[in-house]
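S.K.: Annotation comment: Swiss-Prot describes Lys46, Gly53, Arg54, Gly55, Val112, Glu117 as ATP binding site, evidence class sequence analysis. The annotation Mg(2+) binding site is assigned in Swiss-Prot to Asn209, Asp223. For Asn274, Gly331, Ile332, Met333, the entry in Swiss-Prot reads substrate binding site, with the evidence type sequence analysis. Taken from Swiss-Prot, the feature domain 'ATP-grasp' applies to 9-254, supported by sequence analysis.
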Amino acid sequence: MNVHEYQAKELLAKYGVGIPAGIAALTVEEAVAAAKQLPGPLYVVKAQIHAGGRGKGKFKELPADAKGGVRLAKSIEEVEAFAKEMLGNTLVTVQTGEAGKQVNRLYVTDGVDIDKEYYLSMVVDRATGRVAIIVSTEGGMDIEEVAHSTPEKIATIVIDPAEGFMPHHGRAVGFALKLSGDLLKQAAKIAEQLYTAFVALDCSMLEINPLVQTKDGNLLVLDTKMSFDSNALYRHPDVVALRDETEEDPAEIEASKYDLAYIKLDGNIGCMVNGAGLAMATMDIIKLNGEFPANFLDVGGGANKEKVTAAFKIILKDPAVKGILVNIFGGIMKCDIIAEGIVAAAKEVNLSVPLVVRLEGTNVQQGKDILANSGLPIVPANDLGDAAKKIVAEVRAVA
């Protein structure tokens, strides 16, 4: 789960992290009122969407030379003008795709006199089971280019959660940022505060870009992104309350109601699989055969008729889907139960696109018999490779 920048900053402030003053706004009038409450005379107007690259983004409805989603205003009047241009319009960034995201809220912050920009993030390193702090002296809008062109400018400090954050970790962060004296102490303190928040809130990712050094010698968190482990949200009702469903794909929201893991992609072949690893392998082999998956959909280990029907409905809501590949390995789930669910779901949704089904595992023959006797044009497959070839052929035949 993701939250907006202003929400992330409110959470971090509870852990003592220094952030510039700022107020969220849903209307032009609220943006103007927010600016009037800030010291000024400089203000920053920020579009609030769940995507990075806002500063370099472009609004679909505005001229090509118009400014992006993060703008410096030198007066209250400019704040008003920027708010009018941004609210309700579609911001396209490197992370949104061509469709972009509509800007429904803004964050108006006090201007900061910046001397230097740094980068700091924390992620769960799944390979080691530890928290990795990633830092760079090259913070700002071009951090992706830095990571690609000059990876030596990025340093990683790994923390064993059993040990926790120790003073030497803080010093390592400061040294990696080439800081000394009071600034090094500030960096160490901020890193510790961020780590405490990261662990306490069950974050999966926390990114500060940029962490800025001001002209008067202070370190401030200027922009932040936070993502949370969805499996731990039951422990954080305060975080769940921050969820903005308008920023999420409606199909993904619907899928979550049935405990389905669904992610929309840009292809034309819908996938329904049990198990994340098998789902990724299925998507890979579809691409290997020349087409592209329309989604990632893991029905999990306890799929029933209701879940399978919901999965079909969610897949078919995507108009780009021209065929569906079902790939099920029956371990805990029995293939005959899944087959019954597939047949019932296909009848209920009046399936009109090609459907290829590959079953393997417990009660596989019973499952295949149910599909064969269903009276539906379901194409059986013997293995994963056969399934991929058949669904690609079926989709191309009706194209």
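Cβ coordinates are placed from backbone N, Cα and C, and glycine is handled just like the others.
For each listed feature, how buried is it and what is near it?
M.R.: When secondary structure is read from DSSP and collapsed to three states, Gly53 (ATP binding site) falls in the coil class.
The number of other CB atoms found within 10 A of the CB of Asn209 (Mg(2+) binding site), across every protein chain shown, is 21.
In the three-state DSSP scheme, Asn274 (substrate binding site) is classed as coil.
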S.K.: Can you figure out which of Arg54, Gly55, Val112, Glu117 (the binding-site residues) comes closest in space to Asn274 (substrate binding site), comparing Cα atoms?
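M.R.: So, of the listed binding-site residues, the one sitting closest to Asn274 (substrate binding site) is Arg54.
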S.K.: In sequence order, which same-chain residues at least six apart have a C-beta under 8 angstroms from Glu117 (ATP binding site)?
M.R.: Glu138, Gly139, Gly140, Pro210, Leu211, Val212, Gln213, Leu222
S.K.: Round to a whole number and give the Cα-to-Cα distance in Å for the pair Arg54 (ATP binding site) and Met333 (substrate binding site).
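M.R.: With distance taken Cα to Cα, Met333 (substrate binding site) is 44 Å from Arg54 (ATP binding site).
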S.K.: Going by C-alpha positions, which of the binding-site residues (Lys46, Gly55, Val112, Gly331, Ile332) is nearest Asn209 (Mg(2+) binding site)?
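M.R.: The smallest Cα gap between Asn209 (Mg(2+) binding site) and any of the binding-site residues is with Gly55.
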S.K.: If you count Cβ atoms within 10 Å of the Cβ of Asp223 (Mg(2+) binding site), leaving out that atom itself, what do you get?
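M.R.: Cβ-Cβ neighbours of Asp223 (Mg(2+) binding site) within 10 Å number 27.
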S.K.: Mean pLDDT for the domain 'ATP-grasp' (9-254), as a whole number?
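M.R.: Over the domain 'ATP-grasp' (9-254), the predicted model scores a mean pLDDT of 93.
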